[in-house]
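K.L.:
The structure under discussion is supplied below as structure tokens; questions concerning it will follow.
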């Protein structure tokens, strides 16, 4: 299939490489260069970098709604535009620019977890299954007819970063195969089910604050869902902000209120509303990551995390 590709982050770059190996990818659309977390230097997106390495022309734009972008798409005479986490909505005016439409690889089993953060929200909700779906984009948010879905095994306690690596790799192969079969007339788009619909809104940094009065399992899912970005965090009773990088549920701390922490068997353990969490790796504000016990040995304040910012 003669394809254009639209995507931006690292998981999308994995898909681009897979499609380029099996299809004729004639151009790539990606977001403009952006500044990294530190410094003022502009960096190309992972997709732009991959396209350059593959020798594929790159078109950088923050919107798909302008006439220049529409003309660029039309000029390439592609059969379809393959989309993976581009970063902006596809306008209805663009649908007819290519024969088979704009076809999206989404990191959930639709209609569950429609939206910008399907992997994060799947982990946060404790979803029984994870996987990917390939669908034809329509005017709704991830509501278009599905060409195929695949359940993908992800470790039970994977973080978002770990899950995305697995979903991106296996999903890319599935995406390439679905596009081939669709072009050959082997697949008919199917409307999404009316039951099981859920939504996956983007995560905000403020939402990453831990509420210790919740049970340990719920907090553990939140930490894994927010790792690596935007991160789960808490504050001590003195107001020191601490990012939680890795944790695991453990037995309850007898008699301690939620948020109280102590050293048990050489590990930093925090009481929760039900159960407790061992904080294996943390990053206090302004410091590099360290083990929870190493931090506690140098901490001199009240041993309590608060549910406040």
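The chain as shown is numbered from 1 upward.
Including glycine, each Cβ sits where the backbone N, Cα and C put it.
Sharing the record's features from TrEMBL:
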{"type": "BINDING", "residues": "108, 109, 110, 111", "note": "(6S)-5,6,7,8-tetrahydrofolate binding site"}
{"type": "DOMAIN", "residues": "19-178", "note": "domain 'Formyl transferase N-terminal'"}
{"type": "DOMAIN", "residues": "203-300", "note": "domain 'Formyl transferase C-terminal'"}
{"type": "SIGNAL", "residues": "1-20", "note": "signal peptide"}
K.L.:
List nothing but the one residue from 109, 110 whose Cβ has the fewest other Cβ atoms within 10 Å; the candidates are the binding-site residues.
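P.N.:
Minimum Cβ neighbour count within 10 Å, taken over the binding-site residues 109, 110, occurs at 109.
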K.L.:
Hey, which bits of the same chain come close to the signal peptide (1-20), Cβ under 8 Å, at least six residues off its ends?
P.N.:
26-31, 45-47, 49-51, 54, 56, 64, 73, 76-87, 90, 98, 100, 102, 105, 107, 164-165, 167-169, 171-173, 175-176, 179-180, 183
K.L.:
Same-chain residues six or more away whose CB lies under 8 A from the CB of residue 108 ((6S)-5,6,7,8-tetrahydrofolate binding site)?
P.N.:
114, 118, 119, 122, 130, 131, 132, 133, 200
K.L.:
Which state, by DSSP, holds residue 108 ((6S)-5,6,7,8-tetrahydrofolate binding site): helix, strand or coil?
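P.N.:
SS state of residue 108 ((6S)-5,6,7,8-tetrahydrofolate binding site) = coil.
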K.L.:
Identify all same-chain residues not among 108, 109, 110, 111 whose C-beta atom falls within 8 angstroms of the centroid of the (6S)-5,6,7,8-tetrahydrofolate site's C-beta atoms; report them in sequence order.
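P.N.:
Surrounding the site, in chain order, are 106, 112, 113, 114, 118, 131, 133, 142, 149, 192, 196.
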K.L.:
Sorted by position, what residues of the same chain at least six away from residue 111 ((6S)-5,6,7,8-tetrahydrofolate binding site) have a C-beta under 8 A from it?
P.N.:
142, 143, 192, 193, 194, 196, 197, 198
K.L.:
Under DSSP, the domain 'Formyl transferase C-terminal' (203-300) has how many residues in helix, strand and coil?
P.N.:
21 helix, 39 strand, 38 coil
K.L.:
Within the domain 'Formyl transferase C-terminal' (203-300), what mean pLDDT does the predicted structure show?
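P.N.:
So the average pLDDT across the domain 'Formyl transferase C-terminal' (203-300) works out to 95.
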